[in-house]
Every structure is written in C-alpha cells, then in structure tokens.
C-alpha cells in the first residue's frame, strides 16, 4: 500500500513528501515569494524563490542572461538560521533588520545564502517551513528515502511530463539511477512491462517495472530460508533467525515486538507473522543496522574523571580551509561544535582598535573578532551534546587585550564558564563529564597552582610565562631555533584556567614527580608519535592521571591530518585534527565518536585507566587487553550508490568495496572486493574476508566504496566507520557517508558480519 501511494506521486504534478499531505507550510514554499538576496552592503537584490514540484529543489530567479534561473537541492542544506547569524549579514546589514533576516547554510564549502524578508512574520514562516520539510526528509526511513529517490528519477526521465515512460525515457531513467544496460536488455525489460503494447509504460505497468527494479534476490534467499510458516515468518521463525543468524540474545517477546514494529501487512501482524516487506523494513531500520542501537544514545558511564575519556578535538578551529591564506570564521566553530567537537582552539592576537582577534599568526589567513567567536561558541556549544567544552587558548596578546579576553569570556559565557574548582577542598582528581555538563573549561597558562583558591592570603600579579608549546614551536620554525619567548600573562585570564593548565613537557618521569593532575602538555605530532613508538607504556600511564593534547605539524599548511589511531592507542585524550579537511583521518575520528550519543566523549578501555596496567600497543604482551577474535565479513551487495561524475550524462560507476580494520599495529588490515562493471544501483559481490583481531576494544572498522579506475586513482563513492565493539553480528545494512561526513540518503551496503572468539 505504501509503495502504491508513493507511485501515485508519479501521476501528480507535485511530489508530496510522506506526512506533509495538505500541509500549509509546504504549500507556502510551493507558492514561493520575494526575498532580498544580500551579498554586500551595496549588493542587495530582490529575487523570487520557490520550492519546485519535486519538493526537493529550491528554485530562484537570476538576472544573468545565460542563467535566468538557478536551483539547489534541499539535501545540500545543513541548516536554516533566523536572524543575522552569518558573518555577511552582521557585516552588511543593520541591527534594526535582525528579525527580517535569515541564512541558509550549506554542507561542504558552498557559501551560505543570506536573505531578508519583508516582515518578521514572513521570515519566521520561511524558516519554519524550510525546517519542517528538511526534518521530514531527514526522518524518513531508509526505505522511504529509497522510494522517493527512485520516483524523483522517474519524474526527471519523464521529459514531456505525460506520466508515461517511453523506451527512450526508460533508458534515460536507468542512467539516472546509475545503471548501464545494453539496448537489448532495456528493450527486454520494456516489453515485459508493456502489457498493453502501447509503446509506453503507464499506471500498473510502471508499478510492475518499479517492482522488478527494486526486487532484491539476496533478501528472497534469506527470507526463504527462515519463512517456514505458509511462506511467511512466524514469531518462532523470526526468533530462529535472530538467534542463529543475527547471534542476538533474543526472546519470543523480542520477536513479537519486531513484528509489531515493522510488519506492514495488518493481517500478517494479527497472526504474529512477518512478511517479506516487513522483514525488509526491519533490516533497513536501527534494529537491522550495523551499529548496535543500544550504543546510539549515551550508554557509557559518564561519571569517571575527565581524563578517562577520548575527547573529540579540533585544531586551528577558526580556519575554513588551509593554514596560510584561508579564511577564519565563526562558522568554522559552529560546524565543529555541531559535529560534537568538545575541544576547540582559539589562536589569539592583538587586533586593531584594542579588540583581540583570532587568526593563524605569521600568515595571511583572515581575522575574526575574539568576542564574536566566544558568542558563537556560547550559542552552539551544547546543541548536539550537553557535555563540557574545552576552549584551548593560544595566547599572543598584550596584557590589555588579555584583560579584554578575560572580560569577554566571563561576561558572554556567564555561569557556564567554570571559574573555580568544584567542591570545597583542594582537588586531587578531575571532575567527570557528568559533573561538568553545560560548562566551559579554559585551557591555557596559569600563574599559580589551584591551591590558591583555598589560600586566603594568596595575592598574585600579572607575570611572565613561557608561550604555549604550539606557538613556540611555530615561532621556532620561523626564527631558526631562537630561544622560546615569554609573554606577560594577565591575572584575570590566569584565574579562569582551572583544570587545564598548560605546562611544558620535560619527560614522563618529571611529569609524574613534579606536575599536578591538572597540569597538561601539548605535543606536536612528531614528538607524540616518537613517544608512542619508544615509550608507549609510559605514555599510557601518563594519560591515566593527566590530559594530553596532540596537534598536527606546522608543516601541514594544506590542513591535512595525521592518523589519530596511534594516539588513542596510548590513551591520549585531546587528539586535535583539522575538522575542515575531509580525509580518512576525519572519517576515523567520526567513527570513533559515533556511539555514546555522538556526545564527543568516549570512555577509554579499562586497561588504559587502571594504574596496574602494563599495556603496550606495540608488543601485545599478555593482559586483559588481549582478547583474540576472528572477524568474518561478507560483502553481499550495494544499493543506489551515487554517480560520481554527474556532469557526464552517461557516466556510470564501477564500484568496489574495501574493508579496513584500524587499531593496534598487529590488527591493522585491509581487504577489497573485485569491481562491478557499470552498476551503481544494485551491485552484488558476495565476497568474504577474515580478520584476526587482538585488541578489539581499540579497533575501528571502516567500509570504503570506490569507483574503480584502471588509469587513475579510484574516486570515493562513500564510506562508514565505527568501533568494532559497536558492530552487530548477522545480516546488516551499512549506511554510507560523503567525503565530508554527510549521510548519502538512499545509498548503502548489505553485509553479513560475525565476530567470534578466535581458536
């Protein structure tokens, strides 16, 4: 019935999203209206905007002769924000029009669209309506997204909009969905469906064609093995599947719940049975996903000391692009925080008119005001995670501007700024993420110890301190090894550094004997990797009661990243990466922090927290970390993989799948399937791999789908990464993400997984 309703959309002039039939806000967008597009103080021009009939594309007029209109898809939108939220609107409009403005922010590097409506009511209506349609799209089931995608492709192929499909249109449609077939096969499909012999498909013939197209033989085989009750799965059959194939500790009650939740046929549901459609529905939802649904919300103990967690961390957060001449922006902070980054960096310098600024010193990167960054951080820090955010200050400012920095931090962040230790006695250990919910911690230099808060006679004045290690390293490179410089530190700024006091690293023994738990060091990647190679156990012990921050080498001017896995292997918490750079390293970071509510904190394994542990990721002596497993992976099939070269009308992908395991050196491995010629719609591999895992608690699994090319480097189609400990056994669907980490709506892999104790 649901599929029939979706196919009715082919006959309609408007493709109505499920759940929005007759919706007033949707109709408002379809009707459209005039808005003022703003590019600069002098470029403010009226443009007509409206949602197109596919309900997925926003159209607007353009005054360019060659392109009288332009469009962009709603899939490209990251967020819609009311008010003067963008840097452009703040710069080019007056505060008096605050309520008339709104901005559309896009995924990736596309510039945001700044708009102004005629009234507050109209601006609110646009934002509300766009948000509603976007949320509807994002909350559709995988099956619904798949149907919508296919039907939209059908509509695009129907060039003359007569709700019929000729053989030529059918071939065009197949190319749209990433399938290349020879003319003979296309004609064969067409004839099989054209039962009326009218040389065009319509109504039930299109439905027949749709059913043929979306038929999945591998699901037929699996369902057929377990459906032992009049061709359907009884609750007992389903339980048998859950126990034997999915290796779940399921009960009859669990089977009943799944039937109630996913079965689409009411008669089957009454008989406590699951049809093939219901079974497919189950496989496409969280219960059938590769990621254990119990690990999606916050499920870990969040009451451990802060240093017992990996913390999602960003380096040079202010940069949108490279480290030399790229733009600095408050938007870069917003994007990182919305990805649950919990440690952001602020590179602070004296600015004009007495106002401190943030930019990459000694380079041509643009500057952004410190106070604007702090305001943006306050507004967006806790929208995706309520756990604490660390502001890592790299301070190059003079005393006067430091005092202004302290003023902004205190006045803008208010009570959310942690300005004194928790409790009434001198602390001996970090508080937990749970205790620090909704709080900001400042990481930076401090003039004295935390004992000062409990010593009434304590009086300190502004004094000199050595520069932050990262700043000194950078300056050393510039000044050919001159002695590390010192800067004056304002008391006001020093006083708000509580649990993250920056100190120079002078060796693990020195740190153990002389540093308090809250005194932490930053390591450039070369130093950190050398320590991880030569003193791994000592590094692990150091991180059991202190925090460590790792940052990329200054030579990475293109904002590339180092591999974070070896740093997590030795228990480093703040492994800072260039969030603005889509890369394998960022994919691993996204995978590491995917479970536990995507909150930016992951509890380290027990052997990285216990002082008695002698764990060394490089040698793997016997210990509680050694839990040898065999990981069996069968890559079965792929669904609706996107076209890579959309400009080339006839371009079809040749997909292959690579499965990677990233963890301790002994576990690192990579295996890949053969490639499939000219089929991105429903390729089938049925290839099996075996991996031996020694330390499963540190292993990440990454699926990579590429478009094979014999003459050049393969292009990335999609990827997905998650911790091995969060993988579900059995037949599972794997969602796919773009290079920048956004979900590809209808695409996915179908795999069979088995993680068992090694013999």
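For all residues, glycine too, the Cβ spot is worked out from N, Cα and C.
Pulled from TrEMBL, these are the features on record:
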BINDING   37-64, 443, 445, 522, 549  substrate binding site
BINDING   652, 654, 678  Ca(2+) 4 binding site
BINDING   707, 708, 709  Ca(2+) 5 binding site
DOMAIN    28-135  domain 'PH'
DOMAIN    145-180  domain 'EF-hand'
DOMAIN    493-609  domain 'PI-PLC Y-box'
DOMAIN    609-738  domain 'C2'
CARBOHYD  196  O-linked glycosylation site
(message) With every protein chain in view, what's the tally of Cβ atoms within 10 Å of the Cβ of residue 654 (Ca(2+) 4 binding site), excluding that atom itself?
(response) 18
(message) In whole Å, how far does the CA atom of residue 654 (Ca(2+) 4 binding site) lie from that of residue 707 (Ca(2+) 5 binding site)?
(response) 5
(message) Cα-Cα, whole number of Å: the residue listed as 'O-linked glycosylation site' versus residue 53 (substrate binding site)?
(response) 29
(request) Give me the Cα-Cα distance between residue 61 (substrate binding site) and residue 708 (Ca(2+) 5 binding site), rounded to a whole Å. (result) 39
(request) Provide the number of Cβ atoms within 10 Å of the Cβ of residue 45 (substrate binding site), excluding the reference atom itself. (result) 11
(request) Can you check how the pLDDT averages out over the domain 'PH' (28-135)? (result) 90
(request) Determine which residues of this chain, when 707, 708, 709 are set aside, have a Cβ within 8 Å of the centroid of the Ca(2+) 5 site's Cβ atoms, and list them as they appear in the sequence. (result) 653, 654, 655, 656, 675, 706, 710, 714, 715
(request) Would you please pick out, from the binding-site residues 53, 61, 707, 709, the one with the fewest other Cβ atoms within 10 Å of its Cβ? (result) 709
(request) Work out how many Å separate residue 443 (substrate binding site) and residue 707 (Ca(2+) 5 binding site) at their Cα atoms, rounded off. (result) 44
(request) Among 652, 678, 707, 708, 709, these being the binding-site residues, pick the one whose CA is nearest to that of residue 45 (substrate binding site). (result) 652
(request) Determine, to the nearest whole angstrom, how far the Cα atom of residue 707 (Ca(2+) 5 binding site) is from the Cα atom of residue 49 (substrate binding site). (result) 36
(request) Measuring CA to CA, name the entry from the binding-site residues 37, 41, 53, 678 that ends up nearest residue 709 (Ca(2+) 5 binding site). (result) 678
(message) Quick check for the class: what is the C-alpha distance, in angstrom and rounded, between residue 57 (substrate binding site) and residue 652 (Ca(2+) 4 binding site)?
(response) 23
